[in-house]
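What follows is a short report on a single structure.
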């Protein structure tokens, strides 16, 4: 009876169910009726319902579309509808409707969407309350885990699983081949479920949900539901958003379905296989541009390709090769996919067992494509290609065969023809690329190639890596240190060792702490550890060497090199190079303070020196000819500061006796007999380092030997016959030994004071004696000796006296340095005599023993040394410095001796530290040495002033900054590199606004322009002449390029806002000044300033990185943070456009009129500049130039002409390349360094190419016509017969009208000149 009542209510509800409130009862009654087991009632129901099927479908569809109760009513209606279709004896095709099926799918989507907390309230609140208890029962697990409640915020997970399970069952007998829209909607809905279900992952068994979705999608991949290929294509399209999303379960589901289900079905279905092979290509087209999502897309593509068959993989590789020639977004995807393909797919270099492996290799094509993309116009693509090529090199360097093929592919094999040297040239360009990311990637590639090549690299690449160690960016410097250290780690050739030592140790002075630490680490590993290993293996090696008494010097050198492995001799020799030793000292000091120096290093160095001596003696060579390996004593002197207990006194005492007894003059006489050269400078250097070592370990020496050594040193000092380098070492060692000899510090000071004053007194007597001798000889009128031998002896005596006086003066300075409080009152007069000799206006003429000759000419060494010693005395005595500073400045300015000027620069910069306020007025005179004719003086001045500026002893003000600019274009490459590092790294951090504040002034100064009323110099012509030294005057190409190089360097230091401000300042202070008459454009320097301004405004460095229509990709910062970057780009573009319209364009219009009125040649430069400025605003030129229609027309014409010329040039290149290819000529490996990718340029290039081909054909016809061949008779030519106007043939004579038409045919003119 209840079933009868339900049946009646359902039928009544269908007939009058137009109200949405009746749908709930209808759905509930229908579900209750379908749950009954009475077949008779159900058959009656089906019969009654069939007569009103349309009304029923309308009502049930409306219920499934209902948003009531947050979609719960709709999902209950869907459950009831599916239960109806699944019930026994149900007339399925009567009750199945595409519209109702679409409503069912919509109800599933809406039920899974995010719910609002307030949903279901209002008019339905009572119904919610009434059903709460009913829905809130603890329903157990059909669809979720651990028996948790089946709902959360109104979501019933169990109900959802029931609906999906019934949907899958319905699809087994309801075929959708007749309903393509329903099939499409089903695929889309099921593909969306993994994403929509994320909000309910807490109450859903997500894995089971994915399994059910996979079953539904797999079920429709059946011929019963239509064409499988079309269905698979629709599924692939619908799963694409999941495949392209980040790491998530939904993405894993999509990848699993495609790589397993689709791939398994495609094996036996050619049409389905075609769909599957096209899916990765479709994903490539849909891949996003931002870096991280693009990476996920690449991973998805690779997973699908890996699951494909070999044929499909090969087809996709060919597709990737074509992508490399496409648009920028495809090219960047291609370079990201290639390394993954090579590392994931099998046999990239062909079958190892096949003899024709190279022919079957698809990997070589990929490598070649990567190499080509390393020269792409997009910096992002260049950087990605270089870094990915580095990954490929690392992956393929595993076995010997792969290494050999890879070397051949990259052009490193002598046997390869094409591409030889291409990668080397490529690396040289990319390591100095304008984009930092490209330089970093290039250095990474160099590091990987170093391992491949075993460190044997072209010298230019090594120098490029060394130069990169001075890059302005920290990351580039780190990469460069890593790259060149890897080369040195693998290869110990002399060229690699030398370049490493000249590039890496200097990084100990870097501002970045991490780079300093890396420098210490690699020095410890590659220098000290290598020396330590060499010391450990010496004994067995030396024992194995043959003992040959008839040994030449070359054989001995060879034996010594064989004695020390890993190029240790070259390493030690370069360590004591004057350009390397200061950094080695700094590194050893830093390692020593951190207690990282191992005692075994000192023992190894002693072992190296001992074994070298033993080998020398074993060849029966005279011991007085022996010298230790170059650099060994130097490094021992540096490490012994912190390893004094590891150095043996017997060892030092033995070698001191050897070096001290060497008589250079006597040895020179025996040199020819022994066939070995004698190098006295080597002994002097070794003695200095040995004395330094003795000083370092003096506190460990026994008392008696220390006293004996001190007496010996004092005697040698007082003889004044030492080399200047040895004097300092002797003096310092003697001071240290005095501390050892004395029991207290006061006693030690008294001992030092005693021998310092004793030595100074003797030195002053020697100097005075020489001066008096020179003066008396100048007054002597004795007839010169006629005998040559007597004259020679006399000259030799004078030379020895001069040498002794020079050493004496130098010794005084050394003594003053170690004991500043020494009494110098008796020494100053004699030094004053020397440095003022020849001056008739000397103030002390009657008080001091003046030299009657000019010692500057008679004894230049003594003259120079006296200035140096006086400088040391001034450092110890401020009052003395105050008296003599004017003399130092005067001599620095007037001296014609480069060595003296160099020493004076050193002295003056030392004064800057000790007497900062006193020396400030002399800074301009010091900076003049930046333009000194001697390179050494210029470099020394630059380095010393740079250090003072970094330590704030000198300020960047006045002319100092402007004079430093000239070092950027110095003739010396070393100075240019130092200047680039100063401006690009140090100054950019220390004074970031300096380039901006001084930019306009720099333009006037560099052009030596005084034609501006605001920049004119009121001083005399003499000051202008002085300023000319620091200018680059002239309008020639060389001068302009030098100035432009300086401007570009300054622009690179500016922030974007400063570039905008600089643009405005140039327009206001130069262009506007010229149009207002403040800048005289008839003056040559004024014209140069104006032309420079035009060039600067048109250069790319002053333009901001985000321009109109430009893509968002850059190399340094990829597309991350796209919204912020886009907003910033719009703001910058708006600011530039506003500035152009309001400020720049009116100035240009006024200035153009002025230049035209004066017939100035600068009009062309102005037009070129304006064309470059407005090329990004082609569509707005009419609006911008509304005030000057003529200028508007001229600019449009110039732009069109420029673009046409550019297109014609590219077309000519393309035609030439095509011709050479047809003629069998090999194409360039890198094709083109500049692949222009402009939106409108491609069509113009195609059009121009067609014109070029047609013109070429026309020229060939003209050449044949002009070749002298006579025109054949008309009867011999194959031509159609002509009839007269009357229809009668005129006996072989052509009609007059036809001849006239031929006369009027168009003439082809040769345009070879175009």
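Placement of Cβ uses the backbone N, Cα and C atoms for every residue, glycine included.
Copied over from Swiss-Prot:
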COMPBIAS  130-140  compositional bias 'Basic residues'
REGION    116-150  region 'Disordered'
REGION    1210-1237  region 'Disordered'
REGION    1265-1314  region 'Disordered'
REPEAT    98-136  repeat 'HEAT 2'
REPEAT    184-222  repeat 'HEAT 3'
REPEAT    231-267  repeat 'HEAT 4'
REPEAT    269-310  repeat 'HEAT 5'
REPEAT    361-398  repeat 'HEAT 7'
REPEAT    457-493  repeat 'HEAT 9'
REPEAT    494-532  repeat 'HEAT 10'
REPEAT    821-859  repeat 'HEAT 11'
REPEAT    878-916  repeat 'HEAT 12'
REPEAT    956-992  repeat 'HEAT 14'
REPEAT    1053-1091  repeat 'HEAT 15'
REPEAT    1138-1179  repeat 'HEAT 16'
MOTIF     789-796  motif 'Nuclear localization signal'
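The average pLDDT computed over the repeat 'HEAT 11' (821-859) stands at 70.
Taking pairs at least six residues apart, the repeat 'HEAT 4' (231-267) and the repeat 'HEAT 7' (361-398) share fewer than three Cβ pairs below 8 Å and do not count as touching. Using the rule of three or more Cβ pairs under 8 Å, pairs at least 6 apart in sequence, the repeat 'HEAT 9' (457-493) is in contact with the repeat 'HEAT 14' (956-992). Each residue of the repeat 'HEAT 10' (494-532) gets a DSSP state, and the totals for helix, strand and coil are 35 helix, 0 strand, 4 coil. Under DSSP, the residues of the repeat 'HEAT 3' (184-222) split into helix, strand and coil as follows: 32 helix, 0 strand, 7 coil.
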